Amino acid sequence: MKALVKEKAEPGLWLRDVPEPAVGAGDVLIKVARTGICGTDLHIRAWDGWASRSITAPLVVGHEFVGEVVELGAGVTDVAIGDRVSGEGHLVCGKCRNCLAGRRHLCRATVGLGVGRDGAFAEYVALPASNVWVHRVPVDLDVAAIFDPFGNAVHTALSFPLVGEDVLVTGAGPIGLMAAAVARHAGARNVVVTDVSEERLDLARKIGASLALNVSERQIVDGQRELGLREGFDVGLEMSGRPEALRDMIANMTHGGKIAMLGLPAEEFPVDWVRIVTSMITLKGIYGREMFETWYAMSVLLEGGLDLAPVITGRYDHRDHEAAFADAASGRGGKVILDWTS
Ligand SMILES: NC(=O)c1ccc[n+]([C@@H]2O[C@H](COP(=O)([O-])OP(=O)(O)OC[C@H]3O[C@@H](n4cnc5c(N)ncnc54)[C@H](O)[C@@H]3O)[C@@H](O)[C@H]2O)c1
Ligand SMILES: [Zn+2]
Ligand SMILES: [Zn+2]
């Protein structure tokens with residue numbers, strides 16, 4: 001089968017013929033239809049410090065996908081051939097305290113699809129049936145391809161109650177955009193989105209932000225004033241991984257405000273701890289998705305009319321992966337999809 005492979009420990013990805021994955025007991029084999037390009041894939045392609053420390057070549061990359069089940073391993077009973085599925089890309093140990101307690105998103109030995117084992121940028125991917133999400137509600141194929149990052153957005157956005165609250169989202173990348181859409185849909189009063197890219201701020205406006213603010217030109221406090229907020233934001237969703245964004249967020253929260261932080265900073269950095277303590281701000285780190293409560297929420301949010309269409313801005317055949325990756329790396333558009341069906 002064809003697959004996008006990190007063949008050598010150097011920058012690049014190569015479309016190669018590789019053997020189809022083995023289907024072990026408890027696994028399902030999925031014929032991949034579409035995949036989403038994630039920041040992680042960009043790191044692996046660029047072969048930066050994180051990638052060269054974390055990845056062992058050769059590796060089939062990719063973890064955001066939708067496809068159709070074509071084969072069942074021994075003992076699989078609750079997934080059927082022909083089911084349309086996406087996959088939870090965190091493979092958990094099943095044995096640690098959190099796994100045994102049903103808190104699989106807190107597993108201490110998570111292995112990432114397309115990071116620690118062969119991934120989904122291929123004609124076929126094999127996964128444990130327990131990592132598969134069957135789309136029982138009809139869903140657009142492109143949206144189904146990005147359930148993994150959509151889940152990051154939902155997990156973060158629904159960490160704290162949002163109804164009637166004023167929400168600040170720092171970072172209008174694909175995940176920040178989806179989080180803003182979820183906050184809006186879930187009943188927030190104002191959703192303010194910040195970024196430094198005008199193109200991405202335009203997407204934030206399309207997805208329903210009350211205000212999209214370019215922080216290279218204006219300050220968040222100006223946005224507060226424009227919307228008539230007097231005491232700061234109730235909920236913050238940090239989606240940029242940038243130190244200045246978290247610092248600005250902390251400075252613009254109300255007393256007792258809640259911050260859910262998904263953005264992954266490249267390094268340690270100082271923040272105003274006195275403000276966090278004296279304003280009694282809650283700061284919660286978010287990793288991945290809750291299995292499978294977040295996935296349930298995603299499906300029913302879409303069923304209830306949540307529209308993610310503006311988030312997807314690039315569609316390419318898998319053979320045009322160079323152009324697709326350049327598009328995704330530009331940092332200007334939304335999500336980029338690769339089609340594997342032709
Ligand atoms: N915790 C997890 O499980 C998890 C999973 C996936 C991604 N992530 C992280 O979540 C973040 C969002 O992912 P993404 O794919 O949308 O990333 P992205 O890099 O596409 O988006 C980040 C956005 O932040 C913007 N930005 C830069 N400086 C800013 C500032 N000062 N204020 C506001 N915005 C600023 C950038 O212009 C960019 O549009 C990234 O940091 C990523 O590494 C975490
Ligand atoms: Zn991803
Ligand atoms: Zn575990």
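Counting starts with 1 at the first residue shown.
Cβ from N, Cα, C; glycine included.
Any TrEMBL annotation is an automated prediction that lacks curation.
Quick look at what TrEMBL annotates:
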DOMAIN    24-133  domain 'Alcohol dehydrogenase-like N-terminal'
BINDING   Cys38, His63, Glu64  Zn(2+) 1 binding site
ACT_SITE  Thr40  active site, charge relay system
ACT_SITE  His43  active site, charge relay system
BINDING   Cys93, Cys96, Cys99, Cys107  Zn(2+) 2 binding site
DOMAIN    174-300  domain 'Alcohol dehydrogenase-like C-terminal'
BINDING   Ile175, Asp195, Arg200, Leu262, Gly263, Leu264, Ile286, Tyr287  NAD(+) binding site
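Residues Cys93, Cys96, Cys99, Cys107 make up the record's Zn(2+) 2 site, and a Cβ search at 8 Å around their centroid adds Val92, Gly94, Lys95, Arg97, Asn98, Leu100, Arg104, Arg108, Ala109, Thr110 from the same chain. Sequence-distant contacts (6 or more apart, same chain, Cβ under 8 Å) of Cys38 (Zn(2+) 1 binding site) comprise Gly62, His63, Glu64, Asp148, Pro149. Excluding Cys38, His63, Glu64 themselves, the residues of that chain whose CB lies within 8 A of the CB mean position for the Zn(2+) 1 site are, in sequence, Thr35, Gly36, Ile37, Thr40, Asp41, Gly62, Phe65, Gly89, Leu113, Gly114, Gly119, Ala120, Ile146, Asp148, Pro149.
Taking a Cβ distance under 6 Å to any atom of ligand 3 as the criterion, the recorded positions Cys38, Thr40, Cys93, Cys96, Cys99, Cys107 reduce to Cys93, Cys96, Cys99, Cys107.
For the binding-site residues Leu262, Leu264, Ile286, the greatest number of Cβ atoms within 10 Å around a candidate Cβ is found at Leu262. For Cys107 (Zn(2+) 2 binding site), the nearest of the binding-site residues Asp195, Arg200, Leu264, Ile286, Tyr287 in terms of C-alpha separation is Tyr287. For ligand 1, the recorded positions lying close by, meaning a CB under 6 A from one of its atoms, are Leu264; the full candidate list was His43, His63, Glu64, Cys93, Cys96, Leu264. Each of the recorded positions His43, Arg200 was scored by other CB atoms within 10 A of its CB, and the lowest score goes to His43. Neighbour counts of Cβ atoms within 10 Å were compared for the binding-site residues Cys93, Cys96, Cys99, Cys107, Ile175, and the top value is held by Ile175. Checking the binding-site residues Cys96, Cys99, Arg200 against ligand 2 with a 6 Å cutoff on the Cβ atom leaves no residue at all.
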